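Here is the structure we will look at.
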Amino acid sequence: MRRPKATSCYPRCCPVILLLLLKLVLAQYEHLGYPPGYPDPEQEHYTAPQLTADTPRIQLRLAGDKRKHNEGRVEVFYNSEWGTVCDDDFNIHAAQVVCRELGYVEAISWSPSSKYGKGQGPIWFDNLHCSGKERTLALCPSNGIGVSDCKHSEDVGVVCSDKRIPGFKFVNTLHNHVENLDIQVEDVRIRAILSSYRKRIPVTEGYVEVKDGGKWKQICNTEWTEFNSRVICGMFGFPGERKYNARVYKMFARRRKPTFWDFSVNCTGNEAHLSSCKLGHATLLKSNGTCAGGLPVVVSCVPGRTFAATPMMGFRKAFKPEQPLVRLRGGAFVGEGRVEVLKNGEWGTICDDNWNLLSATVVCRELGFGTAKEALSGGRLGQGMGPVHMNEVKCSGFEKSITDCLFNKEALGCSHEEDAAVRCNIPAMGFQERLRLSGGRNPYEGRVEVLVERNGSLVWGTVCSEGWGTMEAMVVCRQLGLGFASNAFQETWYWPGEVSADAVVMSGVRCSGTEMSLSHCLHHGDHLNCPKGGGRNAAGVSCSDTAPDLVLNPQVVEQTTYMEDRPMFMLQCAYEENCLTSTSGQTPANSYRRLLRFSSQIHNNGQADFRPKASRNSWVWHECHRHYHSMEVFTLYDLFSLNGTKVAEGHKASFCLEDSECDEGVEKRYECANFGEQGITVSCWDTYRHDIDCQWVDITDVKPGDYIFQIVINPNYEVPETDYSNNIVKCRCRYDGHRVWMYSCHNALNNRYCMT
């Protein structure tokens, strides 16, 4: 019988087999094991615009006092000189042409009247009439290049989308002036090369690669500086860079031929993103494709304390700001918030006059994050309390602390409506990939489903709803990048979810509210315990971009405190609503109770109205006082001995949650009369006067002495807030048996697990 002909191809197959083996060996240096998002999907190829010979050749860049790398004043390079564009007749179509020419997918908005500062040089374009489809701004009808009657106070700015055009190819037509151009590439990444770094999250060391023309390319290190490394580390969420073992990377570069980008990079070290750096000289490649230095750029970044792994516990379980002089408050995510500084023992805010990315970046790096991706003004992340400590802050960008920057100590005219805030770059931790919301009507709500490892494979499942509350929902919304929790649900029968994920895979979840991932919260682990099971009884959430923030005014408590002896026959309604101590039940009607009375003024400093959790149909009518309770316990009043023992207590149901007064220019929205809506509007406050029933602590059985008085707002976390750390007020209290004094009242840190 004749042998099969296939055996005769053996010699030809050897090279193929060897090539496959070589690829497998080198695969350890490639995408295998990268965090989600690193593998390169096939993208549509960007086609560079074909321009006729008579089309003026221009280059664009975004400049000025930028809030992000993808926005700024529009500047045009023409005839060997940079100039600007006038805002006359400029519209979103013209902005679209600008953004597309710069490699962004689309324009978001545009701004007239030199929002990003006044430019210099000629005003190259005026009265532009773009359709939005032009391949370059030079093709839009206008008065003609350089023909303008505008001033630089009319310079136009644009905001482009973060997303770059897939396959975008930067084409430089002005080779003599490359150093004046912003870097325009499709994407940037740190690609982990060594196997030890590929397994780490976040990726902190590897090649710096840019995506240009749909292909990832390395950068030649001949002109690379530590300032460039500082920018790269900062944009990926790291506060600083460090040295690395160059010998290992040199060995790898010899084994794998790099593909180099056409240009070098020129950063000052203060840029928030590589796109804000200037293009360097053209890369000179040798005949074998290597650059003059022969090596690709490598960076090694140092993660901040929040993201640094420790041998014992992996990543830190919760975000706990440990910087004694600066902190962030009111943000939905780690790395964002209102900037507060400590001065003379008192926390205060920063006025937003001259607030910019440079100053914001100093704050971000100081707290262990990367560069600032946004410098927010106008109290965008809620209003703070206390004094405004700093105004007109001016930083070089290299300060160790915001307190080292120059600033105006006089904050005249600054109110908390002008509080400055930041959003910082943080490392990609991959937390979003292990959690999803399923069955909701929109991406902001649904049944919580988590990805866990079971029997060696990853499976989706539900979370047991027993004990599920606001704090746990807050962590879910943060992990998914959806803001604050607006509701936590213990039943989700109306959200079917994925049938294959009905089984419970996590139970006993209890969060402090500051964790970056639900897996960082306390939970049962592999020993599940959920009697009701998952499916319709699984945990669910709804998320929101904004939330309220209630803050009690400590000065009002201190100034209004007094003592009253009130006859028992005048306290029958209060007795029915449990506003007296348990011993009052044996008190004769002709005796009296001794009450510690005070007023409380509760301000909504947040970004959304404070509304009771229960809907109107669930409010409870109290006949004696003839009012509705929308929250059974809205505030707690407690008196403690100096060693922490509770000696007296009181509570306040929200029988009338309404706007007593509002800041100037804000209208009241909530009034309890005639079964009206209850709530507290943003920038309004609800005052509970000292002469209202239950606005007291019954101290009849308290002995004279020194005590600590404590008030807690929203103690059961029934309503989500941007900041629970300011929900407690503590005062020193002295009672001599005849009189009572309250002094040293202050807002105290709220710790969920330390509350008595």
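Using N, Cα and C of the backbone, Cβ positions are placed for all residues, glycine too.
The annotation disulfide bond is assigned in TrEMBL to Cys86-Cys150 (among others). The Cβ of Cys150 (disulfide bond) lies under 8 Å from the Cβ of Cys86, Asp87, Asp88, Ile123, Asp126, each of which sits 6+ residues away along the same chain.
Spatially close to Cys99 (disulfide bond) yet at least six residues away along the chain are Val105, Glu106, Ala107, Val158, Cys160, Ser161, judged by Cβ distances under 8 angstroms. Annotated disulfide bond per TrEMBL: Cys99-Cys160 (among others), in sequence order.
Look at TrEMBL and you will find Cys130-Cys140 (among others) tagged as disulfide bond. Counting every protein chain shown, the Cβ of Cys140 (disulfide bond) has 20 other Cβ atoms within 10 Å.
Among the features that TrEMBL reports, disulfide bond is placed at Cys267-Cys277 (among others). In sequence order, Thr225, Phe227, Asn228, Arg230, Val231, Leu274, Cys277, Lys278 constitute the residues six or more apart from Cys267 (disulfide bond) in its chain with CB-CB distances below 8 Å.
Around the Cβ of Cys405 (disulfide bond), 17 further Cβ atoms fall within 10 Å across all displayed protein chains. The annotation disulfide bond is assigned in TrEMBL to Cys395-Cys405 (among others).
Sequence-distant contacts (6 or more apart, same chain, Cβ under 8 Å) of Cys511 (disulfide bond) comprise Met471, Glu472, Met474, Val475, Leu518, Cys521, Leu522. According to TrEMBL, the disulfide bond annotation covers Cys511-Cys521 (among others).
Residues or ranges marked as domain 'SRCR' by TrEMBL: 60-161 (among others).
Per TrEMBL, the feature domain 'SRCR' maps to 190-302 (among others).
Taken from TrEMBL, the feature domain 'SRCR' applies to 326-425 (among others).
What TrEMBL records for 435-544 (among others) is domain 'SRCR'.
Sequence annotations record features per position, and here TrEMBL assigns signal peptide to 1-27.
Residue counts for the domain 'SRCR' (60-161) under DSSP, helix first, then strand, then coil, are 16 helix, 32 strand, 54 coil.
With respect to Cβ neighbours within 10 Å, the disulfide-bonded residues Cys86, Cys160, Cys395 differ, and Cys395 shows the lowest count. Rounded to a whole number, the distance between the Cα atoms of Cys405 (disulfide bond) and Cys140 (disulfide bond) is 44 Å. Residues belonging to the domain 'SRCR' (326-425) score a mean pLDDT of 91 in the model. Residues of the domain 'SRCR' (190-302) grouped by DSSP class, helix first, strand second and coil last, total 27 helix, 36 strand, 50 coil. Taking the Cβ of Cys130 (disulfide bond) as reference, residues of its chain lying under 8 Å away and at least six apart in sequence are, in sequence order, Asn91, His93, Ala94, Gln96, Val97, Leu137, Cys140, Pro141. Under DSSP, the residues of the domain 'SRCR' (435-544) split into helix, strand and coil as follows: 19 helix, 40 strand, 51 coil.
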